[in-house]
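Data block below; observations after.
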Amino acid sequence: MESTGLLVVRTVADLRRAVAGFRKAGRTIGLVPTMGALHEGHVSLVKGALERGDVPVTSIFVNPTQFGPKEDFSAYPRDEEGDFTKLREAGCRIVFAPTKDEMYPGEQLTTVTVAGITDGLCGPLRPGHFQGVATVVSKLLLMALPDRAYFGEKDYQQLQVIKRMVRDLAMPFEIVGMPTVREQDGLAMSSRNRYLSTEERTKALVMYRQLVKVADTVRDGTKSCSEATAVASQALRDGGFDIVEYFTVVDADSLKPLEHVTGPARVIAAARLGRTRLIDNLAV
Ligand code: AMP
């Protein structure tokens, strides 16, 4: 019988040893990369791994290289003990929580850049972000050597970047995209929702409502994508959002902007509410 429980590892050597133990027992491995401050969205990825028969391995690392100089790296919520409890309850078996030095020992001269699909949306608004993400995810994949890795559709552009990186570099891992987990009223769960005041929490819902509206409108063709998203952007500003960074309809794979929907598409938005940057998207 396999032992149960959550093993906490902090070094790559210990991670590889733990993973090798499960492999020797004939098990497959499912990696769930996270930055911690876990919520039901993260837990759904662990459950996704369990449903596919994988041993779930969750990484918790607030990756400094994917934050811009004016972004919330230092303020990013951290709650290691709370995270471990949630992972234990979800049935996760290994948590990899490395230090910065374990992830980036010494001078790092190698980065991974995915072009094209990072040209729009969050790409130009967060310079260096996707390079930071692609590089750290490459490292986590090579450290854990899983069969599958699980990512949320909540970060839709990130999911496409990772899928493309794995394809282009022939990395032998399957990337599984999982549906966005929402609060009862529709707000997408996010670690950053902890920043929202009660008043902002109410206003935040406008984004989800407008995404639903635009998806419906462009699906039935009542309005073009640019007309529908212009109305939605204004509704966000009227609803109390301070800055609408983008609100657009894109091709689901290439992430190129669309004027009319003829195939798989995604309505996708980023906007600021006080000090909080919220992103969300829906399938059209
Ligand atoms: P983060 O800790 O925010 O970097 O997210 C780690 C992983 O969890 C990423 O693959 C996210 O897309 C995913 N994730 C975050 N929020 C949600 C959510 N509400 N539903 C599903 N997946 C999510």
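Glycine is treated like the rest: Cβ placed from N, Cα and C.
Predicted automatically and left uncurated, TrEMBL annotations should be read as such.
Note that the structure is a prediction, hence the values are computed from the model and not measured.
Annotated features in TrEMBL:
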{"type": "ACT_SITE", "residues": "His42", "note": "active site, proton donor"}
{"type": "BINDING", "residues": "35-42, 152-155, Val181, 189-192", "note": "ATP binding site"}
{"type": "BINDING", "residues": "Gln66, Gln158", "note": "(R)-pantoate binding site"}
{"type": "BINDING", "residues": "Gln66", "note": "beta-alanine binding site"}
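Calculated from their C-alpha atoms, the gap between Glu153 (ATP binding site) and His42 (active site, proton donor) amounts to 11 Å. Straight-line distance linking the Cα atoms of Gln66 ((R)-pantoate binding site) and Gly41 (ATP binding site), rounded to a whole number, equals 20 Å.
Listed in sequence order, the recorded positions among Leu38, Gly41, His42, Gln66, Ser191 whose CB lies under 6 angstroms from an atom of ligand 1 come out as Gly41, His42, Ser191. DSSP classifies Glu153 (ATP binding site) as helix under the three-state reduction.
A distance of 18 Å separates the Cα atom of Leu38 (ATP binding site) from that of Gln158 ((R)-pantoate binding site). In this structure, the C-alpha atom of Met35 (ATP binding site) lies 14 angstrom from that of Gln158 ((R)-pantoate binding site).
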